[in-house]
Amino acid sequence: KQYASMPQLFHQDNYDKCMLLKDEALYCTFTYELQPLKVNNVSETWKIINKVSSDRFNYRHDNLRHGICVPFACPSNEKSNDTDTILSQRITNCYNKKFEKVGLKGTVTFLQCETNDPKYPIDWLDITVAIVCISYIVLIVFASFYEGVAKYKQETDYQKITTTRWGLVIAAFSIQRNWHRFKTIKSNPDIEKLRPFQGVRFYNMLIVIMSHTVLASMMLPVANTKYTETCISPTWYLALDTQYFVSLLFIIWFMKKYPRLIWPTLGCLLSINIVLTFIQNYKGNYALMLLPLPEVIYDMKNVLKNPQFHYQMTNVIGCASGPIMGLGYGYIFYKFKNQKLFTSNLMFHQILYYIISYGVGLGIVLLPGMFFIMNGAQHDPFWASLYIASSRPLFSFAIGYCLFGATQGLGFSSVLALRKYTDLRNINR
């Protein structure tokens, strides 16, 4: 009941209905920063707002994010638009009058308005992009028709047409040709051994889609804020950036040219990564983890402007342990792909596999976050930096062991190696 007594945090009028007003249409979005009407005698509503907003796992309920159709919500005889300095005061007065009865007032900030006139008129760049897109569609239609007609000819004639330089270019844009490539599942002994990877990729994509769906719902205005504030996941990162694909080619070349230096090189790279990550986190005095709090995730602005996000999620140093571990496990698979390493004392290896893969892998992600949130532990830069520096190498080690063990028949390898996951590999690339 107390929660429901607070002003609506998010509100949006009907935009399309507002635009039907033609010349009078004026739709504005803004943040209305609440404060008590009387500082020495605050209302019960303000006390509730202050109490709820003081919890970092809740939204700032003293900052209302509203979108209104001004002629309907705050009617006035004055003509104004988003460039008028009067408009902000006009909406402020309107909202102050609205919330006066519950002992609140406020100020309008981050005001942005739209009229019936396009804010960004079509220019030469838009026309250029449209021409390129239309030309590309025409090319695809022509290539599909050209390659399709050639397919009805004799096989030798078809090969002559599609193997020329012009034919290869055209066939590359043919829908039929690309569909055939998409359906074709090539196989060899190495691909068969790596089938568990396709299962992991499949389940990983499901987790990524579901987690990003939840995050997307938190980035936009939410009708039921109480639900969002009680359903926050403490861990949503530990992802491997694709920016290493190019840079690691040099390391792979070095590993192939100097096989004796493989483990010293990878060991040095991993050690340097751990030390630099620790120093970087300690110097920045960053927290144990970047929690997906409502006010942090909303509109993503507080995330993208946070240096901790860039140092830990998108930084070359912060994410390098995964690729380094991947090179090590890839080399192990290359050396022992035709050998069975865990035939003796299989039960012991199975237990060890589950402990490392799930105990270490899930534990390093979930347990520190649960302890940090539930116990309200105070921030300590040393232990936070130690966790940040060691968590990703440990997580990468556990996931690598999980995948390599599956290629050796350990764990749920039969489930991960189902044929349907191999058939779906072209979809979840």
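Using N, Cα and C of the backbone, Cβ positions are placed for all residues, glycine too.
Unlike curated entries, TrEMBL annotations are predicted automatically.
Fair warning: this is a prediction, and the values are worked out from it, not measured in the lab.
Here the transmembrane segment (127-146) has Cβ contacts under 8 Å with residues 170-176 of the same chain, all six or more residues outside its ends. Taken from TrEMBL, the feature transmembrane segment applies to 127-146 (among others).
The transmembrane segment annotation in TrEMBL covers 202-223 (among others).
As annotated by TrEMBL, transmembrane segment applies to 235-254 (among others).
A Cβ distance under 8 Å defines the sequence-distant neighbours of the transmembrane segment (261-282), meaning residues of its chain 6+ beyond its ends; these are 251, 254-255, 311-312, 315, 317-318, 320-321, 324-325, 327-328, 331, 381-382, 384-386, 388-390, 392-393. Annotation comment: TrEMBL describes 261-282 (among others) as transmembrane segment.
Taking Cβ pairs closer than 8 Å, the transmembrane segment (309-331) reaches residues 237, 239-241, 243-244, 248, 251-252, 255, 262-263, 266, 269-270, 273-274, 276-277, 280-281, 284, 286, 290, 303, 388, 392-393, 396-397, 400-401, 403-404 in its own chain, all 6 or more past its ends. The transmembrane segment feature in TrEMBL is assigned to 309-331 (among others).
Per TrEMBL, transmembrane segment is recorded for 351-374 (among others). Sequence-distant contacts of the transmembrane segment (351-374) (same chain, six or more residues past either end, CB-CB distance under 8 Å): 234-235, 238, 288-289, 291, 387, 391, 394-395, 397-399, 401-402, 405, 410-411.
Per TrEMBL, transmembrane segment is recorded for 394-418 (among others). Outside the transmembrane segment (394-418), and at least 6 residues removed from its termini, the chain residues within Cβ reach (under 8 Å) are 193-200, 238, 321-322, 324-326, 328-329, 332-333, 337, 340-342, 349-350, 353-354, 356-358, 360-361, 364-365.
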